[in-house]
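This report concerns only the one structure given below.
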Amino acid sequence: MPTEIYVDGASAGNPGPSGIGIFIKHEGKAESFSIPIGVHTNQEAEFLALIEGMKLCATRGYQSVSFRTDSDIVERATELEMVKNITFQPFVEEIIRLKAAFPLFFIKWIPGKQNQKADLLAKEAIRLNEKN
């Protein structure tokens, strides 16, 4: 069964202080991460959430991963391995590079209300960002 990873990025301003939330469910255990990422746009934060989630899974040696995001641009760019807005191209290139670590890689768009844990973690990361 694939490891499930819920990712979300948030920004207090566009751009503004930003954070990412990552919620991982692996073999009956759950891990939560709130990571401040400095000043970014909301869409940049969404891409960075996926990238950081992929890095966490790769370092843990997970082979089969299923990511969930409420960002349709991140889901589409990852599936198509391209993006119309060249601003996001470096993120897509990093995602393509990281995908090679996983024999089975899935990504699925979900409505925001199904991604509440990652959303709360991302908002907490903004608060942590603002404290520093």
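For all residues, glycine too, the Cβ spot is worked out from N, Cα and C.
The domain 'RNase H type-1' annotation in Swiss-Prot covers 1-127 and is backed by sequence analysis.
Neighbours of Asp8 (divalent metal cation binding site), defined as other CB atoms within 10 A of its CB across all chains, total 30. Taken residue by residue with DSSP, Asp8 (divalent metal cation binding site) is part of a strand. Residues or ranges marked as divalent metal cation binding site in Swiss-Prot (evidence: sequence analysis): Asp8, Glu46, Asp70, Asp119.
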**Item:** Among Glu46, Asp70, Asp119, the most crowded of the binding-site residues [Cβ within 10 Å]
**Value:** Glu46
